[in-house]
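Have a look at the structure below before the remarks.
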């Protein structure tokens with residue numbers, strides 16, 4: 001009797017009551033401005049959906065396309081954003097979104113992870129974010145090894161994710177979700193894209209996780225900190241930590257058995273390892289053997305529940321309404337076909353829904369199904385969980401970005417090669433601009449402006465793809481609380497800084513050796529520093545464009561108006577005095593002005609061109625014998641010093657101009673990043689996490 005009471009108290013029941021979900025419906029327009037300004041209508045996706053699941057249950061959500069399977073899954077797991085009404089409770093206690101993400105895991109339909117990582121690297125990386133901050137490196141490695149063994153990926157541990165099969169990727173995603181040792185698993189189409197054997201293996205793994213018997217073993221609560229959910233321990237047993245060593249040929253039978261049936265007993269060493277779990281899956285057309293693995297099913301049609309109950313009781317439910325299950329027929333196919341034919345003469349779906357609502361009338365409108373005990377103690381341990389600190393999140397994400405770049409080094413080298421070809425082309429075009437004469441003033445200004453343009457355009461367009469490509473990962477990992485969005489964004493920006501300085505100096509070195517080599521090394525250092533800052537500002541500009549749109553194609557196409565405005569205000573195509581305020585919005589202006597100032601401010605003597613000198617000699621004008629004098633030519637103004645060059649272009653000439661422009665570039669980059677961060681944050685909060 002005490003054992004039964006303990007079992008009853010240890011069971012968890014997650015319930016959802018009268019869930020309704022609305023999405024905006026695009027209103028048909030009659031090309032009237034006021035009609036466009038009207039509030040958009042809303043479509044109702046879920047209609048007063050109620051239900052429950054207990055630990056030990058493996059539930060399948062079945063229904064045709066558009067029935068609301070994934071929406072219900074996301075609504076119960078609190079991964080859904082938007083107009084969602086209703087209650088989700090755990091043993092009578094209302095659950096907030098952050099609480100649900102801590103005690104549950106959501107397995108998406110498609111694998112969302114970094115494809116260049118190996119299976120072991122991916123799990124080890126995620127373990128830093130999902131396990132307690134006090135967990136040691138050895139304990140994390142042990143947990144990862146246990147998970148790989150449990151899901152049958154031990155032999156593929158050091159294989160890159162992009163080289164894994166579909167079934168292996170699904171099992172890797174499942175292993176990732178098991179790092180936190182959740183009580184509840186939500187799986188969206190876990191068998192999509194898999195062959196029958198791989199699909200059966202995935203569902204069978206879930207079945208063992210949900211229905212295994214409670215085993216009393218030593219708990220590794222210290223792996224997850226003091227906040228972990230304490231499980232009964234066996235005082236007579238020692239530690240069950242498993243050291244995984246390579247197996248020799250004498251263990252072939254053991255290896256074969258692990259491939260056929262995952263060794264889930266290794267997971268008993270986790271805090272909730274001996275606790276039965278509950279899993280609910282949306283699934284499309286399961287085979288009969290997969291269907292039999294589910295303990296319960298939920299049938300949906302049009303956002304409403306048609307049936308919820310044990311799998312073996314579904315046939316009687318249909319039979320009572322006159323729908324007999326044929327012999328040798330897959331029950332799942334029969335149920336779905338009956339629902340699809342609901343618009344026929346018999347209107348089966350409507351009849352079944354009315355019968356189900358009659359049988360469950362009042363079940364979810366009064367008190368909850370289980371007493372309000374146990375969950376408070378469980379949630380107290382969950383709330384005490386401590387993630388790694390923000391600065392360590394940034395560090396780990398920088399490591400991930402760097403690893404991706406190294407693994408994709410071939411593409412990076414090709415892009416860098418074309419970048420350097422551009423530098424060689426510019427150096428050849430401006431190779432004769434070395435001497436400072438009246439004729440070369442414009443050439444020097446043009447070469448400097450091209451330096452600025454190439455750095456800004458290369459880096460801005462090189463990052464416009466970032467957020468459209470990374471949004472699925474950001475939405476999922478930030479939504480699951482793996483790390484904060486600010487940590488991801490800061491790590492992304494910081495990872496571009498060394499690249500900006502490296503490419504900035506490499507690009508300048510080729511051109512400087514051909515054009516500006518007579519000016520010395522200090523000018524090279526200062527110009528390279530300014531070009532690197534221009535690249536950093538360009539990254540902010542490109543990320544801003546990337547965050548405006550959900551596709552990189554739209555970001556590239558819509559960048560043209562911004563580029564045109566910034567270029568016009570850059571100081572080359574228009575005198576900046578004509579736009580005294582607007583010029584300060586252009587990063588081209590700060591970059592061009594600083595480079596021009598740095599080059600010309602120390603020039604005290606600009607000689608005349610050879611053509612002008614010949615003209616002076618033929619005219620025998622003694623007053624023009626000195627090289628600092630200018631030819632008498634009213635059509636071409638004479639500029640004697642670098643200061644006059646800057647004044648003619650309406651650039652600032654104060655001593656602090658260079659450093660002021662450097663700081664201004666950083667301010668422009670900061671403004672772009674702040675706007676971009678808020679755009680991405682707003683999009684994620686609006687669209688949800690699944």
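Every residue, even glycine, has its Cβ placed from backbone N, Cα and C.
Any TrEMBL annotation is an automated prediction that lacks curation.
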Worksheet item: TrEMBL lists transmembrane segment for one of the ranges 521-546, 599-624, 625-650; which is that range?
Response: 521-546
Worksheet item: Which range, 387-405, 558-576, does TrEMBL list as transmembrane segment?
Response: 558-576
Worksheet item: Counting Cβ pairs under 8 Å that sit 6 or more residues apart, are there three or more between the transmembrane segment (656-680) and the transmembrane segment (521-546)?
Response: yes
Worksheet item: Going along the chain, which residues at least six beyond the ends of the transmembrane segment (456-474) come within the CB cut-off of under 8 Å?
Response: 112-114, 415, 419, 422, 485, 488, 492, 496, 500, 503, 534-539, 541-543, 545-547, 549-552, 555-556, 559, 563, 587-588, 591, 680, 683-684
Worksheet entry | Tertiary contacts of the transmembrane segment (558-576) (same chain, 6+ residues out, Cβ under 8 Å) | 445-446, 449, 452-453, 457, 460-461, 464, 541, 545, 548-549, 582-583, 585-589, 591-593, 596, 649-651
